[in-house]
Amino acid sequence: MKEYKDLLKLVLDNGIMQENRTDTDAIAYFGTQSRYDLTKGFPLLTTKKMAYKAIFHELLWFLKGETNIKYLVDNNVKIWNEWPYENYKKSPYFKNESIDEFILKIKEDDSFAKQFGELGPVYGRQWRNFNGVDQITNLIEEIKKNKYSRRLIVSVWNPSEIKNMLLPPCHCLFQFFVNSKNELSCQLYQRSADLFLGVPFNIASYSLLTYMIAQVTNTTAKEFVHTIGVAHIYNNHIDQVKEQLTREPLQLPTLVLNKNIKNIFDFKIEDIEIKDYNSHPAIKGKVAV
């Protein structure tokens with residue numbers, strides 16, 4: 001996607017290297033916006049191979065309101081593993097297990113998973129129970145009843161619960177908009193964005209959410225607008241980013257949803273299909289915790 005490559009180049013060329021809460025310095029640039037036309041294909045990155053099933057499982061996990069990694073682990077999704085593992089290492093129960101041994105315990109021992117697989121009141125909790133409010137249900141009902149509302153907003157930044165989260169939400173507020181052609185667009189505000197590892201997931205995830213909400217509200221998916229506060233490229237991802245910039249984007253794939261689904265909470269992984277996905281080879285990078 002040209003829009004994503006433009007974002008990488010903007011930050012690489014204009015950002016400033018600085019320290020952050022992790023042990024890895026990053027090139028940071030404040031204030032970006034990218035727009036992805038959802039009528040021209042599903043915006044799944046093609047300049048490196050994406051594990052898109054992991055993206056879909058994570059979104060379904062959010063929609064379930066879950067905050068424990070057990071569901072993700074059971075479905076071989078590894079993107080959240082590091083945070084509960086680092087938290088477990090601080091506990092008196094830690095016996096120098098590797099992260100692989102920790103994840104195996106999560107998978108095989110339900111009581112262990114319940115105690116040590118929890119992330120705190122992160123995305124799923126805030127989506128479905130923000131101080132008692134089910135924001136996703138409210139959002140969809142409001143689109144159905146008052147689609148031109150300018151209050152079609154979900155907030156994940158809950159100051160009263162931030163301290164209890166292993167990782168405060170990076171993508172923290174999103175808003176929907178229906179135009180006079182009955183086309184649905186979504187804008188995400190992301191306070192902090194790991195451009196190499198995180199952002200390709202975020203683009204695909206919120207685009208998928210837009211398509212799903214469009215289906216259950218009888219609208220048509222139009223555009224995903226991605227607004228970022230601190231866009232950053234970690235020091236140990238610079239070579240990977242430069243490699244991506246040498247690669248030409250390929251044709252975008254097509255998203256196919258099960259048209260029989262009328263309630264967003266009824267979607268399962270088998271109801272989401274990607275067709276004609278071709279990409280350049282995968283590029284690995286280490287997550288900063």
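Cβ coordinates are placed from backbone N, Cα and C, and glycine is handled just like the others.
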Per Swiss-Prot, what member of R21, R35 joins R150, R151, R191, S192, A193, D194, N202, H232, I233, Y234 in binding dUMP at one site? R21
Indicate the candidate from R21, R151, H232 with the smallest number of other Cβ atoms within 10 Å of its Cβ, considering only these binding-site residues. R21
Greatest inter-residue Cα distance in Å for the dUMP-binding set R21, R150, R151, R191, S192, A193, D194, N202, H232, I233, Y234: 36
